[in-house]
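Taken straight from Swiss-Prot:
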COILED    68-109  coiled coil
CROSSLNK  LYS252  SUMO cross-link
CROSSLNK  LYS253  SUMO cross-link
CROSSLNK  LYS256  SUMO cross-link
DOMAIN    192-254  domain 't-SNARE coiled-coil homology'
MOD_RES   SER14  phosphoserine
MOD_RES   SER64  phosphoserine
MOD_RES   SER95  phosphoserine
MOD_RES   SER188  phosphoserine
TOPO_DOM  1-265  topological domain 'Cytoplasmic'
TRANSMEM  266-286  transmembrane segment
Amino acid sequence: MKDRTQELRTAKDSDDDDDVAVTVDRDRFMDEFFEQVEEIRGFIDKIAENVEEVKRKHSAILASPNPDEKTKEELEELMSDIKKTANKVRSKLKSIEQSIEQEEGLNRSSADLRIRKTQHSTLSRKFVEVMSEYNATQSDYRERCKGRIQRQLEITGRTTTSEELEDMLESGNPAIFASGIIMDSSISKQALSEIETRHSEIIKLENSIRELHDMFMDMAMLVESQGEMIDRIEYNVEHAVDYVERAVSDTKKAVKYQSKARRKKIMIIICCVILGIVIASTVGGIFA
């Protein structure tokens, strides 16, 4: 009969090597994934910083009837940078999402997959929060520009309702603001100049909002769909923590009871020994 011991040993070593290779590959994959997570988080933080800077530029522009071109250019650069960075974040989150869906399609389930899903959901929510803040900042700036236009129209003697002003803005025609205004004073000319400036700012703003709208809605819908999953994960984590705390408490009680039982056992043994000595002494005395 042929001895297959060496063959089986070689096959086992080969299987062990394969297991090690798979583990190393998986660890390397997760390391690369966490590097990607940190990169995305850095991009989101950068957007948040730029949004705060945009707010400061808005205030500076509104504080001046005729803001300098440098400030306006810096604002446009910030908005352009936010758009580019947001598109990068969206693309990377989409890539992670597709990778997760592929593994789910193969019915794979692992701790690594759950970690990736949780990280993806967390980043998506943070991204939408930052972009929501940016959207709110833009909307607030539009309202403030609109208020300045309305006040300047009043200076020229032209009163408009909010609805009428909105219609004028939507027309996209700056000449509509000059109709009915008598340009017979420097005040009227200055007021019209600021109106045109604010109208130009609103047009740029609306273009920016329009460009980001589809991306924002896409990510918002993704986060909403993930809401239930996140809630389930948080529920399971909370209950797992409760379970662990109860287990620790029960273990402490068990140790305490075990310690008491051990002490009782020792005391009983000591009593038995003493009793044995007494009995032995008594019996010895009787026979003596």
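In case you wondered, yes, glycine gets a Cβ from its N, Cα and C as well.
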In which DSSP state, out of helix, strand and coil, do we find SER64 (phosphoserine)?
coil
Same-chain residues at least 6 positions away from SER95 (phosphoserine) with a Cβ under 8 Å from its Cβ, in sequence order, are none
Over the domain 't-SNARE coiled-coil homology' (192-254), work out the mean pLDDT and round it to an integer.
63
Using Cβ-Cβ distances, find the residues under 8 Å from SER64 (phosphoserine) that belong to the same chain and are at least 6 apart in sequence, listing them in sequence order.
none
Once the DSSP letters are reduced so that anything not helix or strand counts as coil, what is SER95 (phosphoserine)?
helix
